[in-house]
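Student: Sharing a structure with you now.
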Amino acid sequence: ASVEYDNEEDSPQIDARAHRPLDKRQEAAPTLRPVAPPISGTGYQPRPPKQDKQAMKKGPIIYPDAGGCKHPLDELGVLCPTGCELQTTLLKQEKTVKPVLRDLKDRVAKFSDTSTTMYQYVNMIDNKLVKTQKQRKDNDIILSEYNTEMELHYNYIKDNLDNNIPSSLRVLRAVIDSLHKKIQKLENAIATQTDYCRSPCVASCNIPVVSGRECEDIYRKGGETSEMYIIQPDPFTTPYRVYCDMETDNGGWTLIQNRQDGSVNFGRAWDEYKRGFGNIAKSGGKKYCDTPGEYWLGNDKISQLTKIGPTKVLIEMEDWNGDKVSALYGGFTIHNEGNKYQLSVSNYKGNAGNALMEGASQLYGENRTMTIHNGMYFSTYDRDNDGWLTTDPRKQCSKEDGGGWWYNRCHAANPNGRYYWGGTYSWDMAKHGTDDGIVWMNWKGSWYSMKKMSMKIKPYFPD
């Protein structure tokens, strides 16, 4: 018999028989058969007796189908399957197995793709988890810092509520009580002034007989008491009343401006500043007017006095603690109305700071230059001559700063500003949110209003 090969498996197939023929091309020569061992035993046993045929009958033995051929007799069981039978069986199985294998391969490929996708997704989730954990850690740190800060704020607020606010309330109550007393005092003063104005204007105190061109001339004529006098700078003008300070620096000072209690409103028009306004003096319990009132002498009168000869001006101020400073200008001239009462000052001495010539010492450069008063024209709310050049009519120094003055853009000094009790004030207290108090910035800054301020002039005599 010849050897056949299966095209599918490429393995030899041998025709099965009771013996296995030798394939000399692929197998070596068989070895010699060994000698059979001797038969063991001592002899035959006697024949057993016959048994009952019925007893000898056996039931059929059922063998499971092992996939091969059966013996003719069922008792002999299943023959060993031949190669052909195995091949046929395998071919039958192959038709079923191959689609299953292909399906399994497809499933394995899909599973592989799915596994790759899942791996990438897991990696992405892992990275996000790492980032989330880091972010959470950072958030925990920020939250901890925020909680710490909030606790500090809470403690600060609690401390203020427990300690500072009650103290501030006590201070405010004291301030309110003080203001109430001052209001009552002003109401009484207004009532007194109203009663006084109901009667014809007559001198309520004696006026000295001595008079002169100005207070220095009166001093030289023997008038050495500080009180109200009558002066006449030249024969062509009507005599008028002034207060003469005969004590400060050898006396002879003509008081041209005075602020001391807020009893007079200095937010006046051009013509009022031209003529003058306020109360020259009043009696302090004596028989003469020994106490100056609040007033502005008048631009025409001031201009005329400075034209008599070289004139100096002394500006004195006092804060609400009683501290005093002054600014002395050895040269002081006010030009006439045709020149808009232009201001000229020179030769500063004093400890208040040279606000009129140098501007506000807190400012620098152009901002400081804007606050210099020397050389400026006089301005009132109805006559804008300041250095604030703008097309907006609301932007006017005199309107915003409370009085008439030689404003630039706008001031370092504001003697004719609003009167604020207590000194310190703020933008929300001001009518226009500006520093409109009685200010001398070089001493107390913008937001401190003086208790007292005055301007006095006298002839200047070089040493």
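Glycine residues also receive a Cβ, built from the backbone N, Cα and C atoms like all the rest.
Sharing the features that Swiss-Prot gives for it:
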| type | residues | note |
| --- | --- | --- |
| BINDING | Asp384, Asp386, Trp388 | Ca(2+) binding site |
| COMPBIAS | 1-12 | compositional bias 'Acidic residues' |
| COMPBIAS | 16-27 | compositional bias 'Basic and acidic residues' |
| DOMAIN | 206-461 | domain 'Fibrinogen C-terminal' |
| CARBOHYD | Asn367 | N-linked glycosylation site |
| MOD_RES | Tyr5 | sulfotyrosine |
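Distances, neighbours, how buried they are, the whole picture for these features please.
Tutor: Long-range Cβ contacts of Trp388 (Ca(2+) binding site) within its own chain (separation 6+, distance under 8 Å): Lys395, Gln396, Cys397, Tyr407, Asn408, Arg409, Cys410.
Within its own chain, Asn367 (N-linked glycosylation site) has no residue 6 or more apart in sequence whose C-beta sits under 8 angstroms from its own.
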Student: Starting from the Cβ centroid of Asp384, Asp386, Trp388, the recorded Ca(2+) site, name every other residue in that chain with its Cβ within 8 Å, sequence order please.
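Tutor: Leaving out the recorded residues gives Ser379, Asn385, Gly387, Leu389, Thr390, Lys395, Gln396, Cys397, Ser398, Tyr407, Arg409, Cys410.
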Student: Near Asp384 (Ca(2+) binding site), which residues of its own chain have a C-beta under 8 A away, given they sit six or more steps off in sequence?
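Tutor: Non-local contacts for Asp384 (Ca(2+) binding site): Gln396, Ser398.
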Student: Take the Cβ of Asp386 (Ca(2+) binding site) and count every other Cβ within 10 Å, whichever protein chain it belongs to.
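Tutor: So the Cβ neighbour count for Asp386 (Ca(2+) binding site) comes to 24.
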